[in-house]
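For reference, the structure is listed below as structure tokens.
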Amino acid sequence: MAMDISLFFIFLVIYAPLVSYADESQAEIDALTAFKLNLHDPLGALTSWDPSTPAAPCDWRGVGCTNHRVTEIRLPRLQLSGRISDRISGLRMLRKLSLRSNSFNGTIPTSLAYCTRLLSVFLQYNSLSGKLPPAMRNLTSLEVFNVAGNRLSGEIPVGLPSSLQFLDISSNTFSGQIPSGLANLTQLQLLNLSYNQLTGEIPASLGNLQSLQYLWLDFNLLQGTLPSAISNCSSLVHLSASENEIGGVIPAAYGALPKLEVLSLSNNNFSGTVPFSLFCNTSLTIVQLGFNAFSDIVRPETTANCRTGLQVLDLQENRISGRFPLWLTNILSLKNLDVSGNLFSGEIPPDIGNLKRLEELKLANNSLTGEIPVEIKQCGSLDVLDFEGNSLKGQIPEFLGYMKALKVLSLGRNSFSGYVPSSMVNLQQLERLNLGENNLNGSFPVELMALTSLSELDLSGNRFSGAVPVSISNLSNLSFLNLSGNGFSGEIPASVGNLFKLTALDLSKQNMSGEVPVELSGLPNVQVIALQGNNFSGVVPEGFSSLVSLRYVNLSSNSFSGEIPQTFGFLRLLVSLSLSDNHISGSIPPEIGNCSALEVLELRSNRLMGHIPADLSRLPRLKVLDLGQNNLSGEIPPEISQSSSLNSLSLDHNHLSGVIPGSFSGLSNLTKMDLSVNNLTGEIPASLALISSNLVYFNVSSNNLKGEIPASLGSRINNTSEFSGNTELCGKPLNRRCESSTAEGKKKKRKMILMIVMAAIGAFLLSLFCCFYVYTLLKWRKKLKQQSTTGEKKRSPGRTSAGSRVRSSTSRSSTENGEPKLVMFNNKITLAETIEATRQFDEENVLSRTRYGLLFKANYNDGMVLSIRRLPNGSLLNENLFKKEAEVLGKVKHRNITVLRGYYAGPPDLRLLVYDYMPNGNLSTLLQEASHQDGHVLNWPMRHLIALGIARGLGFLHQSNMVHGDIKPQNVLFDADFEAHISDFGLDRLTIRSPSRSAVTANTIGTLGYVSPEATLSGEITRESDIYSFGIVLLEILTGKRPVMFTQDEDIVKWVKKQLQRGQVTELLEPGLLELDPESSEWEEFLLGIKVGLLCTATDPLDRPTMSDVVFMLEGCRVGPDVPSSADPTSQPSPA
């Protein structure tokens, strides 16, 4: 018996732990399985999470164990989405949880507080919402908690674990005050509360955090003053509270913090003096105090004992006055000094040459005088020298040309005179040169033609003369050229057309003449062309219509003639068009109404005639419309009132007739209206009194107006001259009383009563007529229905003739031997061969299913393989119309679209389309496979070629006046050479009866995640909606993120922008692109691709580029042998 009891206890000792271990392991497996079931896993990252594996769960991806218990979960950047399961509380031994950079949503589960052994939690850059759970206080071992970049809200909980060392809740929407209880986190080393909506003051109790090294409070709504107690944080290394509303002075004690390296307090309301202690700290290297209201810097009694390591000092845009602080020149460690936008006066001290490590010196927008001291040449490392907006004088020093490290030299808005020194030729690294608004003279400085790195050149507002040299084309990197306000003469050199990077060209207010060279129409990126105030002649350049990026055109005050080109209507991004003071004739082209971004249209003082086109009402953003001093006639179109943004309307000195439209009362933003010197008649509409009090100028003089001036209008406009020249006009402010107004009023009243009586009688007679008509119609329909019923009964024996009609139709579409044949553009294939090749349209041969039917793989006996699309039964398009549309569609050919090779149309309602077979599937499958193989199958060059191929194909469709309507990865197919082909285009033509193609029903506007916002709202597809869809596909190619992975509040576009704003560029990289070197050209090309994607997905359709622009940008994004030319748009040879 004793032996049995002993054996029993031995059994318990040996097997009880094993049973306990098995139970705990199973509980952890169950918890992780529940966690997985909550998630969407597009990359299949959790496929290894199988309970049947030998060491489950310790051999699962991302799961770490210690002594067979789960202690770590690491699943970053795997595109996981869904809620974090409450069952995670079953992992009682968990020490580290890392789910960062995914798409988790919902709230942080309260049950996480049961994982009491947690040391670190990384949940940053997800889409989590709600509040921080108060139960977090139970995580008594927690050291790191990072939830940055989510959508968390509410107040910061008071009871956070006192064990915390790193707390980052930045980039959320937390509100309320910073809790003083944070002072209890005595082990805290990093506290990041930036980019939230926190209010109130910074609690002084934070000064108790002796271990705190990093305190970031930027971009909140904090007020009050900086607490002096923060100076007790003796371990503080980085203190940043920029972009708040903090005021008062900076405590001098901050300068005594022994380890402080960075102090950033810019964009606040600080005032008073800057304490000198900040410049006497050996550890402090960066001080940023710009955009405040400081009035002075405390001047030291002596700097003998002052040692500092300061490298960056930013005091820009304050109110500091007096002479430049001489003692600053003793801070020999300075690399960046910015005191621009202050009130400094006097001369620049020669001692500034002591700062030999200086790389950036910005003294712009002060009141400095004198000459540039020669000692500055001792600062040999300077790459930015900005003295713009002062009162410096003398000649530009020759020695500046020998400071070869200079990249930015800005001396504009001073009083420099003389010539540009020839030594400038040595500044080969110079990128920006601003010498505008000085008194420089001579001819165009030819020395500048050697500065091939220049991207911006401003010589405006000087006294240069002579011709603009042809050699200006040497500046091939130039994007901004401003030569306005000089005395240049001669013609614009045609070589300017070679400056392909030019975005702004300003040659205004000169003595230039001749015609505008046609080469200017070949500048692909130009947005601004300003040629006003010269003597240019010839016709208005029609070639400008091809400059799709053009936003501002000013050709006023020249001698241009001819008509306004109708093709200007293609300039959809045009914001301002000014052609005033020329000799332009003809009529105003109604096509201008297509320039939907137009805000300013100035055509004054020309020879325009004809009517004012009502199409101008289609300009919703129009603010200034000036058509004065022309020969326009006809009535003022009342539709102009639809341009509700209009604030200035000038139609004076024309031959306009008719009345002033009463609808003008809807122009609530109008401040000026000039209708003087015309032939307008009638009264001034009383409704114009409804125009807001913003109206300060109203001129209707010299017309044929009559009646009383509306009282409220007359009291607001007191100048009699603005109503003069209208002999029958009376009332204020004119000195003419409206004496007959009472009698006329009675006459009008009697006339009104008579009209009301007549209208009532007419309405009664009309209602009688309608009743009689309806009665007659109903009686006629009843009789017709009886006749048709009788006829049907008589014809019923003939119903079987339908079969004979089908057979007859079949014989007409057969070959000579009677077998139906497919219409092929390059080959002969019979229907029987096709049915056999698809195995009777067997389910196993289905390649894809869309709303346009099934796509089958067809294997013919001769080895040829094609794709056959069978359109849905019941197609409403009749046979003849289907054939006509298919013939047209078969002529649409390009190397990057799936070309229609043939078709079949015959009874019973069978419609087939023949395409080349694409053996390498579609883009959606390819991206999914790439993610499973860590992306190595899709490197950067291949992704770029795919994107470029799609862009070329879509661009060709748009040039062919076709809109796709459903651009998505599933509709991008790949041939044997992995060339991209766009499929499923033009099929609406073959399935919709209506000849109108402009309106598309809501179920055909595209695919969720890829369809543009405006297409979703309007139900209409356009080129712009295609471009938006392409942008989404491009971002998916580059980032590997599928649009459907995101929540309703955040889409892929917002996600990409958020990562860029945070500087988290690596988060955008698809796993296969992680090997890109940030210093390589491929990295830059990738970023350019991202920018193209964001341009295509702009919220306003008018801000999106055309597909030809996209192709141009993508071709320029990667230049090399791996980018084939797009010059050959023809399709590739087909096996069919």
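Placement of Cβ uses the backbone N, Cα and C atoms for every residue, glycine included.
Annotated features, as they stand in Swiss-Prot:
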- 799-815: compositional bias 'Low complexity' (COMPBIAS)
- 841-1123: domain 'Protein kinase' (DOMAIN)
- Thr830: phosphothreonine (MOD_RES)
- Thr838: phosphothreonine (MOD_RES)
- 93-115: repeat 'LRR 1' (REPEAT)
- 163-186: repeat 'LRR 4' (REPEAT)
- 187-210: repeat 'LRR 5' (REPEAT)
- 211-233: repeat 'LRR 6' (REPEAT)
- 235-256: repeat 'LRR 7' (REPEAT)
- 309-330: repeat 'LRR 10' (REPEAT)
- 357-379: repeat 'LRR 12' (REPEAT)
- 429-452: repeat 'LRR 15' (REPEAT)
- 480-500: repeat 'LRR 17' (REPEAT)
- 501-524: repeat 'LRR 18' (REPEAT)
- 573-595: repeat 'LRR 21' (REPEAT)
- 597-620: repeat 'LRR 22' (REPEAT)
- 752-772: transmembrane segment (TRANSMEM)
Over the span of the repeat 'LRR 10' (309-330), how high is the average pLDDT in this prediction? 93
Give me the Cα-Cα distance between Thr830 (phosphothreonine) and Thr838 (phosphothreonine), rounded to a whole Å. 13
Look at the modified residues Thr830, Thr838 and tell me which residue has the greatest number of other C-beta atoms within 10 angstroms of its C-beta. Thr838
Residues in the repeat 'LRR 10' (309-330) grouped by DSSP into helix, strand and remaining coil: 5 helix, 6 strand, 11 coil
Report the listed stretch (163-186, 357-379, 429-452) having the maximum count of Cβ pairs within less than 8 Å of the repeat 'LRR 6' (211-233). 163-186
Contact set, same chain, for the repeat 'LRR 15' (429-452): CB under 8 Å, 6 or more residues outside the stretch: 383, 388, 396, 404-423, 458-469, 471-472, 474-477, 482, 485, 488
Using DSSP reduced to three states, classify Thr838 (phosphothreonine) as helix, strand or coil. coil
What DSSP gives for Thr830 (phosphothreonine), in three states, is strand
Secondary structure content, the repeat 'LRR 1' (93-115) (per DSSP, counts of residues): 5 helix, 7 strand, 11 coil
